[in-house]
2 protein chains.
Amino acid sequence: MEKLRVAIVGATGAVGHELMKVLEHSRLNFDELLLYASPRSAGKTLKFRGQDLTVQVTPEGPIDADVVLASAGGSVSQALAHRWAEGGAVVIDNSSAFRYDPQVPLVVPEVNGEAALSHRGIIANPNCTTAIAVVAVAPIHRKYGVRRMIVSTYQATSGAGQKGMDELLTETHKVLHGQPAGHSEFAHPIPFNVIPHIDAFQDNGYTKEEMKVAWETRKILGDDSLKISCTAVRIPTLRTHSEAITLELEKPATPDEIRELLAHSPGVEVRDNVGEKLYPMPLTASGKFDVEVGRIRESLVFDGGIDLFVAGDQLLKGAALNAVQIAEYLQEKGALKVKQRA
Amino acid sequence: MEKLRVAIVGATGAVGHELMKVLEHSRLNFDELLLYASPRSAGKTLKFRGQDLTVQVTPEGPIDADVVLASAGGSVSQALAHRWAEGGAVVIDNSSAFRYDPQVPLVVPEVNGEAALSHRGIIANPNCTTAIAVVAVAPIHRKYGVRRMIVSTYQATSGAGQKGMDELLTETHKVLHGQPAGHSEFAHPIPFNVIPHIDAFQDNGYTKEEMKVAWETRKILGDDSLKISCTAVRIPTLRTHSEAITLELEKPATPDEIRELLAHSPGVEVRDNVGEKLYPMPLTASGKFDVEVGRIRESLVFDGGIDLFVAGDQLLKGAALNAVQIAEYLQEKGALKVKQRA
C-alpha cells in the first residue's frame, strides 16, 4: 500500500509545535512525518506519537512528501514554496506570501473547502484573525447576506510566535517586581498595555493585519462587494484572539435565528448564555478547536443587523488546525496524490 | 472674604485618590477640603497640600460645603445626594444614579459645560467610557454630524476601583508562579484573559456599561437620533480605557480634516503619526489629562466616514478630572455659590 508522507516546515516554531499536536490526533491517515526547520534548529529531536524525530534543514528544492505544512514565514515561503511543490507535494502555506495570488486558493475548510481542490501545488492558509472571524460570519453571510462588517480585535502575543509569549511573561514579571518593561518583539512594552499596531502600516492608514481581514474575508467568501473595516489591537494575553464584530445584513435576522444557525454550523461553539456568565473568552477558548461565538445581540446601529463576540485559538483554527483540516479535506475528497516511492 | 469649601465623598477609593491629586493642582480657587468615606475608613488621615486631613463618616444629611465631589457608588448617591445638597451645596456625582434623570445635567465641560449652569443641586459626571469617547467625537459631530457610532472598548481593571487593579496584580503574580488565578472583583479570572462583560446584562443582551455609552453620549450631545452600539470588554490592564470607534458622518470628512479639527479641540491630544509609532496607548495616556486620539483613517465601510482609536485615563477624564473640571467651569462662570459661614 502506498504510504502518505507529511512534512512540516518550521517545525520548531509556535505554529510548528501546534501542528505536531494537531497531527497527533488528526483523522488524516498518514504514515510518515518529516520535520524541517532553519539550520539553527536542525538536529533537534521532537517526539511524535512516541517516536523521536530529528529536525532536518529546510530543503531549497523539492520536498519528497505528499503534503507540506509550511509555517516558516513569508519570505521563506515566497522563495521556496514553489520548489517544495515541484516534486508533486501540495504545500499548505501558513504565511501571507500567496494569499492574494489569484492562482492560489485561500481556504477555510468549513467555508470554502471545495476551493482547495483546484490548487496548483500551493494552498494558502488565511491570517489567524480572518480564519476565526470567517467561521462565524460565513454561515450568516450565506443566509442573510452581510453588507458591512466592522471588526475590532483583541489579539494575543502568540500571534507574534513563541517569542511574543515569552516577552509578555518576562516583561510582566519585571513590572510586578518594580522594574520597567522592555520590548523587542513588539513596538512598545506590552505588559498591562494595548498596542493598536500589528504588522506594517499601509498608505491608507490601516495596518496590513487590518487589511488582511478585509482582503481575505472577501476572497474566502467569494464576494468582493462586502465592506469590511478592522482595527487590530495587540493586548497582553498569551493565546486566543477575540473579536467584536458588527454586521449589517441584507435580510434582517434576530439573535435567536443567528444562535440557531450557528449552533448547526461546523467549527463553531455557541457560548452565549449571559445569565450563566457564558461568553467567549481566551480562558475557555484556548486549546479548543472550535471558535467560541457569543454576545449575539441585535445591532443598535443597523436595523436587523447583529453584534457578536468571538474568541478562537489563533494557533489552532487561526493556523495549525486549519492547515491540517485542509489536508484532511483533500484526503476525504480523494484529492491527495500519494507518490510512488522506492 | 468668603471661603469656598469642597468636600469629597468616597475619599479613600481609587477615584477619591485621583480627586485629591487633581484638586492639588486645580485652578479651582478653594480654601477648605473636607473628606468623607464609609465608617470603615473614617479616622484615616490623608495628606493634601502638605496638611493631614482626617476622613470623616459620610453624613446622611446636608454637607456644609459649596461643592461636593461624590464618588461613593450608585446606591449611596441615590439615597443621599439630594440630602447632601439640601444645605446649598452642588453635588457633582460620579455614579450612574442621576445620569438619566432629565432634571440632572450630565456634563463634560469641553462639550456641554453650559448644561451645568441649569443644575438643581446635582450634576452627573458621565460614565468613564462615555466621557473619553465624547471628548473626541463631539467636535466631529458638531462639524460633520455623526449618524452611526460603533465602539469597541479595551477597559482597564481600575474601572472596578483599586480592588480591580489589586486583583489583576495579585492574580497575575500567581499565574507567573504556576498557580491558577482566582477572581472576586471580576466574573472570571482576568490575568491574560479578556472578559466581554462589564456591569449587568440588560434584556436586550447588551450590558449596562454598553448601554451607558449609547444613552449618555446622546444626552451629552443633545441628539437622540444618534445610533450608537458598543461592545464593552475588560482586559488585563491597570488604568486607561482604550476604544476603537467607527463613525458614519452626514458630511464626508477626510482624515486630515479630522486631525486638524481635533488638534484644536479642548481635552484632546492628537497622537497620530504611525511612521513614528505614535498612537494612543494606556502606556502613554495613563496619568494624562487629555484623551489621546489617533489611528485616524478613512472608514472602509462608510463613505466619508472615519475610524479612530482613543485612549484616556478613565480615573481622570473618565471620573476625577471631569468632576473637578465641572466645578472649575461653574466657578469661572460665577455660578458657584459660596455660603456664608459662622
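Keep in mind that glycine also has a Cβ here, set from the backbone N, Cα and C atoms.
These features come from TrEMBL:
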DOMAIN    A:5-119  domain 'Semialdehyde dehydrogenase NAD-binding'
BINDING   A:T12, A:G13, A:A14, A:V15, A:R40, A:S41, A:S158, A:G159, A:Q314  NADP(+) binding site
BINDING   A:R99  phosphate binding site
ACT_SITE  A:C128  active site, acyl-thioester intermediate
BINDING   A:Q155, A:R234  substrate binding site
ACT_SITE  A:H241  active site, proton acceptor
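Feature annotations (TrEMBL) mapped to structure.
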residue : record                                   : DSSP class
A:T12   : NADP(+) binding site                     : coil
A:R40   : NADP(+) binding site                     : coil
A:R99   : phosphate binding site                   : coil
A:C128  : active site, acyl-thioester intermediate : helix
A:Q155  : substrate binding site                   : strand
A:R234  : substrate binding site                   : strand
A:H241  : active site, proton acceptor             : strand
A:Q314  : NADP(+) binding site                     : coil
Of A:R99, A:C128, A:Q155, A:R234, A:H241, which recorded positions come within 10 Å of A:Q314 (NADP(+) binding site), going by C-alpha to C-alpha distance? A:C128, A:Q155, A:H241
A:H241 (active site, proton acceptor) and A:C128 (active site, acyl-thioester intermediate), Cα-Cα, nearest whole angstrom: 8
C-alpha spacing of A:R234 (substrate binding site) relative to A:T12 (NADP(+) binding site), in angstrom: 24
Show me the subset of A:A14, A:R99, A:H241 whose Cα is within 10 Å of A:Q155 (substrate binding site); these are the recorded positions I mean. A:H241
Just to be sure I understand the packing, how many Cβ atoms besides its own are within 10 Å of the Cβ of A:Q314 (NADP(+) binding site)? 30
Would you mind ranking the binding-site residues A:R40, A:R99 by how many other Cβ atoms sit within 10 Å of each Cβ and giving me the lowest? A:R40
Quick check: of the recorded positions listed here (A:R99, A:R234, A:H241), which one has the Cα closest to that of A:A14 (NADP(+) binding site)? A:H241
Let's see if you can do this one: DSSP helix, strand and coil counts over the domain 'Semialdehyde dehydrogenase NAD-binding' (A:5-119), in that order. 33 helix, 30 strand, 52 coil
Quick one: which of these recorded positions, A:R40, A:R99, A:H241, have their CA within 10 A of A:R234 (substrate binding site)? A:H241
